[in-house]
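Have a look at the structure below before the remarks.
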Amino acid sequence: MISVASCYLALLLSSAAFAAPVADLFDAAASSSATAATGLAPSSTSSAASSTATVPYISLNPNFPMWGPNDPTTPEAERGTLGASVIGPTDTDTVLQNPDLLAPPTTDAGSVPNAKWPYSLSSNRLQTGGWARQQNVNVMPFAQNLAGVNMRLEAGAIRELHWHKTAEWAYILQGTTQVTSVNADGQNYVANVGAGDLWYFPPGVPHSLQATNDDPAGTEFLLVFPTGDFNEDDTFLLTDWMAHVPAEVLAKNFQTDISTFAQVPAKELYIFPSNSPAPPSDAPISPNGVVPQPFTFNFSSVAPISVPGGTYKIVDSTTFNISTQVAAAEITLEPGAMRELHWHPTQDEWGFFLEGTARVTIFASSGNARTFDYQAGDISYVPATYGHYVENTSNSTLKFLEIFNTDKFADIGLSNASSYSFSSWLALIPPALVQAHLGFNETTINNLPKTKRVLTAPYNVTSST
C-alpha cells in the first residue's frame, strides 16, 4: 500500500524536474554534444554553447564528381541512393563535362542562377582576317557587371580604329598585338604587347589593334568590359562614322578636296587584312608628347608568387596605373589544389579558364548553393559577397583569371586573411567563438593560419569517426 507521504514526495520531485529552466537543459545538451564532437570538455575559452547543438551535424560522406570528362561509363542522374537513370535523349558530351549538374553533390540546395558560359556556345562574327565572339547578359544574365569578347586577328589584320562607352581591358592569349591610341590632350601612344600582357583604354579613348607577324598565326586575345550589357556591335567605328557624314562636310572638316574621300568605305570594316605594322619606334612624334600613363602593361614579366598548391600574381591600379576600373589575378593550381574558400566584399568576379578543368561551388546565402564544372575557354561569374572556391579537378595544372570591376584587388578568405590585403577571419577571432559555431577542437583552431594563404595545397581527404 502506497502511503500519502510517498505520493507527496514523488509530486515534489516531479515538480522540481519540470520547473528546471529550459536553458539549463540546452546547456547540458550542448556540453554533451561538444564533448562528443571535439573530445574536449568545454574550456574556460568556450563560454558559449555550441550553436549546432540544436540542429543535425553535416554529413562527412564524400561528394566528389561522379565522373570525369573521359570516363568510359555512361553518366547517370544518380548519387548514392538518390536519383535514377536517364531513359530519355541526352547530350552525352555536355553531361561528361558537367557531372555536378546531372548528379550534383548533396550539399547543393536551393537556387543559384547559371554561372557558366563557354565561349564555344557564343555566336561568332567571321570577318576577312579574323573573328570575334562575345558574352554578355543576353547569354549569361547572372553576369550583371562584366562582359567579355574573344577576338582573333591573322598576322597583319587590323581591328579598326574605334572607341567604346566603357573601358576596355585585354589579356593576350597568343601572339603579339600592336596597339595605337591618342588621348584628349593630343598625346599619342604606340606599343607592341605579347602573350600574357595587358592593355587598358579608358572610356571614349580611340584606339586600334593589329596583329604583328611575330607569330605566323597572328594573335588572339580576351577583352573584358566593366558592364554586363556591353555589346561589341555597338562600338563606335571610324569607317562607320565617316560613311554617315556627307562628303562635303568631310571636305570642309579636313580642308581638302572632296575627291580625297573617294575610297572611304561605305560601311564599317571592323576587322580587315593588312600588312604587318611598322615597329612602335616609327610612330609619328606628337608635339604634345606621349601619354603620361602607358595604356599597356607587361604582365607576363611579373614574377608570380609561389605558395603551396600553385602560384598567383595580381594586377590593379597600384601597378598598372591607368587601369582604374579593372583589376585581375592570374592563378595556377597544381592537381588537387584549390583556391581557398573566400568571397569578395564589394565586387563581382568574372573568371576565365585558360588551362585544365575546375570545380566551383557558389554559396548564395539562405541555404542556396550550386556546383559548376569548368574547362579551358569557359567563363565563370560570382557576385560580390557570394562564398566560393576553385578546385583543380584535372591531372595537370589549372590556370585561370579572376577579373573585377574595381581599381584595387581585395577578397576575404575563410581560413585566412584576405588573400592580399584584409585580415584573417576565423584565425583571428576568439577561439571560443569558432568552437561554439563549428565544434572545432583546440588543435584545429590553433592550426588555422594567421598569415596570408591564397591557395590550398593538395590534401588527401580522410574521414574518422
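Cβ coordinates are placed from backbone N, Cα and C, and glycine is handled just like the others.
What TrEMBL records for this protein:
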| type | residues | note |
| --- | --- | --- |
| SIGNAL | 1-19 | signal peptide |
| DOMAIN | 119-262 | domain 'Cupin type-1' |
| BINDING | H162, H164, E168, H207 | Mn(2+) 1 binding site |
| DOMAIN | 297-446 | domain 'Cupin type-1' |
| BINDING | H342, H344, E349, H388 | Mn(2+) 2 binding site |
| ACT_SITE | E402 | active site, proton donor |
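Here the features listed in TrEMBL are painted onto the structure.
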| residue | record | Cβ contacts under 8 Å, 6 or more apart |
| --- | --- | --- |
| H162 | Mn(2+) 1 binding site | P206, H207, S208, T235, F236, L237, L238 |
| H164 | Mn(2+) 1 binding site | F201, P203, G204, F225, F230, T235, F236 |
| E168 | Mn(2+) 1 binding site | W199, Y200, F201, H207, L223, V224, F225 |
| E349 | Mn(2+) 2 binding site | S380, Y381, V382, A384, H388, E402, I403, F404 |
Exercise for review: Sort the residues of the domain 'Cupin type-1' (297-446) into helix, strand and coil with DSSP and give the three counts.
Suggested key: 19 helix, 64 strand, 67 coil
Exercise for review: Could you work out which of the binding-site residues (H207, H342, H388) has its C-beta surrounded by the smallest number of other C-beta atoms within 10 A?
Suggested key: H207
Exercise for review: Specify all same-chain residues, apart from the site residues H162, H164, E168, H207, whose Cβ lies within 8 angstroms of the center of the Cβ atoms of the Mn(2+) 1 site, ordered by sequence.
Suggested key: W163, F201, V205, P206, T235
Study note, to complete from the structure: Helix, strand and coil residue totals from DSSP for the domain 'Cupin type-1' (119-262) stand at 23 helix, 60 strand, 61 coil
